[in-house]
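Enquirer: Below you'll find the structure I mean.
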Amino acid sequence: MSNVHDGQREREKPEEQIQKPFLQDGGSEEEKLEAHIAKLRHQIEEANYQYYINDNPVLTDAEYDQLMIELQRIEHDHPELQTPESPTQHVGTGPVQDVSQHRHPVPMLSLANARSEQELLDWHRRAQNILPNATFSYVCELKIDGLAMALTYEQGRLVMGASRGDGLVGEDWTANVRTIHTIAKKLRGKQIPSRVEVRGEIYMPIQSFEKLNEELTDTHLFANPRNAAAGSLRQKDPRVTASRNLSFFGYQIGYVEGMRITSHWDTLQLIREWGFPVNPHVQMAHDLDEVMAYCNKWEKERFNLPYEIDGVVIKINDLAHQEELGTVARDPRWAIAFKYPPIQVATRLLDIRVNVGRTGSMNPWAVLEPINIRGVTVSRASLHNEGDIQRKDLRVGDWVLVQRAGEVIPQVVKPVVEHRTGNEEVYHLPDNCPSCNTPIIRVPDQAMAYCPNKECPERILQSVSHFVSKGAMDIDTIGEKMSEQLVNAGYIKSLSDFYHLTEEQLLALNGVKKKSADNMLAAVEASKQRPFWRLLFGLNIRYIGEKSAQILANAFMSMDALKQASAEDIVKVPGIGPEIGQSVYNWLQDQDNLALIERLRAAGLTLEEEQHEQTGPLTGQSFLLTGRLEAMSRSAAETEIVRLGGKIATGVSKSLSHLVVGEDPGSKLAKAQKAGVAIHDEAWLINLLQEHATAK
Ligand SMILES: NC(=O)c1ccc[n+]([C@@H]2O[C@H](COP(=O)([O-])OP(=O)(O)OC[C@H]3O[C@@H](n4cnc5c(N)ncnc54)[C@H](O)[C@@H]3O)[C@@H](O)[C@H]2O)c1
Ligand SMILES: [Zn+2]
């Protein structure tokens, strides 16, 4: 453990802060300590509940870890105060009552943490003391920030998907787990055991997380991809889970019948053969130097990953060693998590300003004193909405903690209250739109505020930029800059004006030559062929993201059918919540919007889903195959995908659902990785096709 002085200081500090109910005058040292422990335990249990059950943390991970470390230290120094109920002795928190429970045949444990090279060495020394003659080798893995899942297979078929819960009893989420494409429903390969439990991490790619938060109404925003993954899995309706683009990496076997495996490395190979994705960055290490090199490498490179990691997991490779080392409290002795320090930096909140979004929303953002967070200078951060600012009690002039997680936009975590001087100012949204000065409107029960003016210049600019963007109408030769010029020149007052642009108009703009004018007109023309859902997405209807646009287009098949639907009809569609449904309905009641639809119709845009399209289990998903497939030809695979309702994409874009990679893939792989597209191998595809072919 750390040196005595540190330990003493750590213990003294919190005692000063103990609140009255715990501290009775004249109480002995012991009583004080007990009271302090009780408080710590209470705080941790409370945080656990918010984190594991509500998927809505009330503390930052760093704050939580601080409480836990302190409690562990006190219990270590005062074993007499340890209890089996202490949060240091158990994992997570029990399952919620109204979900079926699953008792884990082999407990699902947590992992002890190391935060420095020294702590890693300490871990190694402890293991070596128990097995003095053993020579260890290690498997290094990324610590994916998601939630642990235990998947049981009988005769190769998935029969149970359970969360960790309190480690002994988890929640049965089988129906939801089945909707996750990267989880095998049927094991592949030659060696199929009669019964096996595969463990791994369900996670949400960063891009999907960001997209999801864009689509969710402000009251349900997820704090990070981990909470988004847990919240999306723990849904009553599996169709909601299905719409959330969760993914999976396998990393362990809980137990297996009739099969002998001797090393963790072999475990990973076997899991891969069975058809699960295994993280491609797993690596063997033969000594602690190699382990440290791996940790250091990924501390820097983690921001290039399409998913979040919060550290590295190091496991002793030999399963016989693992068995002998066993577990202590809630952690195995044969593994450790090397955790990266949270990337939070303090800086000044200089000002709060407001942008007008494409639906008229007031979007406050922070002007920060520029600060370098791991090589990136951060000078602004999104603040979501006024409610969020109030919840965090951010005041202009505050010192604030700023966080950069993965590639997620920098976030203001909280104010550093101790640094307050009293000169900080409580923030309120302006009463009028900063762009057009119209009084803003607040929606009851929501933290959002809007500019109601349809002619608000900033709102028009944003909505036009969105309309031409890649995910929407993809008018690629007209970017943000050109949109601005077109709006400023008065050519685009409404989205339908794009379809009446003339060459003369374009040539009159600064710096536009005939060739680029022609390109722009051609791109506008081509956009008429975009599928209906893209138009729906492009229309800037509040809360409508790509996914909900697809769901609505599939459910109603045409704009006319959608127009005729009642609010109840729309809300009833699986995956469309009440806010989205009501918002679409309201939008369609507005005369100006209806007139816009008619102008778009007259211009020849697609207002219907293609009728001849197959619908099936893969509807709403797009696929792109690259490289050589072995078991079937690419065209046969594509035909089968289309037959099952899926689409074949023409290139990699953010909206691509799956990239399937065969032998010798080309540049698409790197592109897809960058775009955060889910990437699979051929085994996965075949499994998927077989699964649905039999189910159909
Ligand atoms: N902010 C809060 O209020 C709050 C509350 C509770 C917990 N937490 C966070 O959760 C942590 C504790 O949670 P925990 O008990 O799940 O421990 P943990 O997350 O530190 O480590 C154990 C987990 O790591 C995951 N994991 C990812 N990749 C893995 C791999 N390759 N091999 C094995 N496991 C892998 C598994 O899900 C496993 O259950 C805390 O340190 C804190 O960061 C935060
Ligand atoms: Zn305005």
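Backbone N, Cα and C atoms are what each Cβ position is placed from, and that goes for glycine too.
Worth saying up front: this structure is predicted, and the values here are computed from it rather than measured.
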Enquirer: Among Glu29, Glu30, Glu201, Glu273, which residue does TrEMBL annotate as binding NAD(+) together with Asp61, Ala62, Glu63, Tyr64, Asp65, Ser110, Leu111, Glu141, Arg164, Lys315, Lys339?
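Expert: Answer, per TrEMBL (NAD(+) site with Asp61, Ala62, Glu63, Tyr64, Asp65, Ser110, Leu111, Glu141, Arg164, Lys315, Lys339), from Glu29, Glu30, Glu201, Glu273: Glu201.
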Enquirer: When DSSP states are grouped into helix, strand and coil, how many residues of the region 'Disordered' (80-100) land in each?
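Expert: For that range the per-state counts are 2 helix, 0 strand, 19 coil.
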Enquirer: So which residues does the region 'Disordered' (80-100) touch in its own chain, when a touch means Cβ under 8 Å and the partner is 6 or more beyond its ends?
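Expert: Same-chain contacts beyond the ends: 33-34, 37, 41, 44-45, 48-49, 52-53, 68, 71-72, 74, 107-110, 163-167, 169-173, 234, 329-330.
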Enquirer: Would you kindly give the Cα-Cα distance separating Cys456 (Zn(2+) binding site) and Asp65 (NAD(+) binding site), rounded to the nearest Å?
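Expert: Per the Cα atoms, Asp65 (NAD(+) binding site) and Cys456 (Zn(2+) binding site) stand 47 Å apart.
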Enquirer: Given Arg164, Cys433, Cys451, Cys456 as the binding-site residues, which ones have a Cβ positioned under 6 Å from some atom of ligand 2?
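Expert: Among Arg164, Cys433, Cys451, Cys456, near ligand 2: Cys433, Cys451, Cys456.
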Enquirer: Distance between Asp61 (NAD(+) binding site) and Cys456 (Zn(2+) binding site) at the Cα atoms, whole Å?
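Expert: Cα to Cα, Asp61 (NAD(+) binding site) and Cys456 (Zn(2+) binding site) are separated by 41 Å.
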Enquirer: Where does the mean pLDDT land for the domain 'BRCT' (613-696)?
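Expert: Its mean pLDDT is 83.
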